[in-house]
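Chemist: Here it is: the structure, laid out below.
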Amino acid sequence: MDAVDKRVRAFVRVKPTADFAQDVIKFGPDNKSIDIYIKKDAKKGVVNNKQTDWSFRLDGVLHNTSQELAYETVAKKLVSEALIGYNGTIMCYGQTGAGKTYTMTGATAEYKHRGIIPRAIQQVFKATAQSVDPFVTVRISYLEIYNETLFDLLATVTSNGTSDVPMAVVDCPQGVYVKGLSIHSVSHEEDALNLLFEAGETNRVIAEHTLNKNSSRSHCIFTIYIESRFRVFSDVKCVNSKINLIDLAGSERLSKTGSEGQVLKEATYINKSLSFLEQIIVALADPKRDHIPFRQSKLTHVLKDSLGGNCNTVLVANICGEAVHVEETLSSLRFATRMKWITTEPVINETYDREGTVKALEKEIILLKQELAMHDSLGNRSLVTYDPLTDIQIAEIKSQVHRYLKGGIDEIDIVNVRQVQEVFKQFKLIVSQQEHEVEARLRSKYALIDKNDFAAVAAVRKAGVVDVDGHLVQEEDRRDFGTRTAPFASRRGGKKKSRRSNEQPKKERIGSSLSRRDLDGFLPSKSQVIIPTKDLDMKEGARNQDTADIDAEVSKPAPVEDSQQPSSPPSKPLAFEQFKEECGSEINRIFKENKSILLARKKRSSTVAQRINFIKHEMEGIKKALEAQKQERWQQGEYVDDKGQIIIDEKEFLLIMKLKDLKEEYRSGYAELQDLKAEIQYCQHLVDQCRNKLISEFEIWYSESFLIPKDVQEALKPGGNIRPGMIPINRVTCLEEDEQERFERMQETTLPACPASLSFYKAKMKTDQKHTYARTMSSLEQMRKKPGLVAAAGKNKPLSFLHV
Ligand code: ADP
Ligand code: MG
């Protein structure tokens, strides 16, 4: 929309007359401007101010114009925009007898003299008849405002001329409406015209008037309401608009009418409401005004949402062409010009009909169900329904899912979407139930600490309760069923003893002692790392003694006592020390060597960097001294030899030589530093690699030394094809774990009901364990028999993957 369209449009229509004042009223060649010339002495006393010429620029001048052309110019666009949702207002303003009613309603006698209202009605119905898509309803109302009282000009059509509802102008978020005003649905052009002519015109308050006996002192507002409903998929979009066609009362001054008594009172009212209208128009044209006093008269209140704003507004100023009316003509043109300054920002009034949408959706669902039913009958699936599942059906699905999980059935047949959704729901339910059960079981057995609490985790690690990855190292109840605990002290103190010997070291409680000391203050805490609770149940008194013992143990390894069997594996830090002395000694040596090389390179690098910095500093000093020399030379005058070269003194020469040497030194230092950096990087990489290897070898060694059951270790004795690291530790340790787990589960579920069965189940479990062991051994035997399966490797052969 361009700037012109964003303002109220104003036209002037001149009533044809044989006595047209050619000298007074002149039209511009573009038919948009109108000039008024008044001779000072032409009419004494009427115009006595200094200005005699006026020029008005409007959107169009309708002079000797047919009703049809007037409609095309003034209304057609506005009505067509109303059909797509923009509100529109057309107002006729002017003195009585100037042709307002003629313009708005027209002469009822002849078709071609019909005015804007019947033509607008025609355009609306023509458009609705042509449009295929929207469902359009047209309604009309006809309101008269006379002496600040509202009259329903169509009330007699439905009632007997009297309306019980007191009419009032009401503001609401959707706009202004007149409460009690009858609004009539019209399905044909003719219906609407009937209402306009028969009811409207006959009911209008008309007073005898000296100027024109048919003129009136009331304002009449004919409104066409258009509602279009579109189906956009399942939504129902509603576009609402209204066209206000307003025939204002005469704007002439009182003195001229010669009215008296009742008529004089009416005239006063007319002027008052029109002057309020003028005030409103001045206010609306001022962008700084935020309050517009619409409510000060019925007319302005009713027109609140019809003047500018989001509405297309058009004004027609009806004027008389005779010189005698020049004063009224001037006043009407001024009004029209002011109207032009009101800005408009028309918007489409569209809403979504929720009720309509729901109804449309319901209808669509019914249709879809019918269609599905048809497909089902065609596909021989007549039992399928699309209604929500019943409780019985849900119970059936639940039992199906349980049977499926237990392996009772291989698959669940898909019946329909609702059933699939229910199946998933049941799965979700089972998963969440299991999660809760597992958590409850762990909580009843273990104390939990926060894995993000680094201090606590470090303490636990130090205590050997969990390893570097946070995995549990010790299990309190291993002894109860344990055949897995390997001798610890047999591999301590650097003595080369067989790892799988049955020699018993002295009883070790180092790991748990550390845990007691270091965990103090961290527990209980939020969960994730699991610690056996038994370790925490130590008495305070025993604690200090244990701590002292550990320190002694760590600093000085205890002597090996072959006759003793450890009841639990050693803590990892201690085991690590042992590992570094035994199997891991070679890799540890390489690791240390790499580290010392790295350290030496770093030291050298730091020395060189310091030296470079010193040189740089010195160079800057010499540069400054040289600059000073140069300045001095300039000030004292320069000596030049026969070749034109500047001669410098000895001091300056020495400084230059020194600078040259320093530069050289700087360059070589810098190069060395670069080389050192590369070397450091390389060494660092070696050290990291070594460290990782050391740790991973240790992990394997630790697992195989302390976590693999004794009998399995037998199978790994030297000479066999199985070397450390070959069997995944989880595969070995899980053999008994399963039995144990099963027993625990059984304890939880069966035993509380029947405690007497404990012995029976314990015995059964031991038998099961034996069978499992036998199976494992035979499979290991088979693996060993297969030639070439695994390359033989000396178990204690040092690892030499890295050479520095
Ligand atoms: P108003 O409503 O402003 O008081 P009317 O519309 O009643 O004035 O006009 C007064 C008379 O002038 C009417 O008889 C009307 O038919 C006639 N008249 C007004 N304008 C025109 C016009 N443009 N062409 C022909 N007749 C007109
Ligand atoms: Mg009139």
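From the backbone N, Cα and C atoms, a Cβ is placed for every residue, glycine too.
Found this in TrEMBL, in case it helps:
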{"type": "DOMAIN", "residues": "7-342", "note": "domain 'Kinesin motor'"}
{"type": "BINDING", "residues": "GLY94, GLN95, THR96, GLY97, ALA98, GLY99, LYS100, THR101", "note": "ATP binding site"}
{"type": "REGION", "residues": "478-520", "note": "region 'Disordered'"}
{"type": "COMPBIAS", "residues": "500-520", "note": "compositional bias 'Basic and acidic residues'"}
{"type": "REGION", "residues": "549-574", "note": "region 'Disordered'"}
Chemist: Are there any residues in the same chain, six or more apart in sequence, whose C-beta is under 8 angstroms from the C-beta of ALA98 (ATP binding site), and if so which?
Modeler: LYS15, GLY250, ASN318, ILE319, CYS320, HIS325, GLU328, SER332
Chemist: Can you check what DSSP calls GLY94 (ATP binding site), collapsed to helix, strand or coil?
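Modeler: Looking at the DSSP assignment, GLY94 (ATP binding site) belongs to a strand.
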Chemist: When the pLDDT values for the domain 'Kinesin motor' (7-342) are averaged, what is the result?
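Modeler: Average per-residue pLDDT within the domain 'Kinesin motor' (7-342): 83.
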Chemist: For LYS100 (ATP binding site), which DSSP three-state class applies?
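Modeler: DSSP assigns LYS100 (ATP binding site) to helix.
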Chemist: Which Cβ among the binding-site residues (GLN95, THR96, THR101) has the fewest C-beta neighbours inside 10 Å?
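Modeler: Checked GLN95, THR96, THR101; of these binding-site residues, fewest Cβ neighbours within 10 Å: THR101.
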Chemist: For the binding-site residues listed here, GLY94, GLY97, GLY99, which shows the highest count of neighbouring CB atoms within 10 A?
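Modeler: Going through GLY94, GLY97, GLY99 one by one, the largest Cβ count within 10 Å is at GLY94.
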Chemist: So which binding-site residues out of GLY94, THR96, GLY99, LYS100, THR101 are up against ligand 2, CB under 6 A?
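Modeler: Once distances to ligand 2 are taken from each Cβ, LYS100, THR101 fall under 6 Å.
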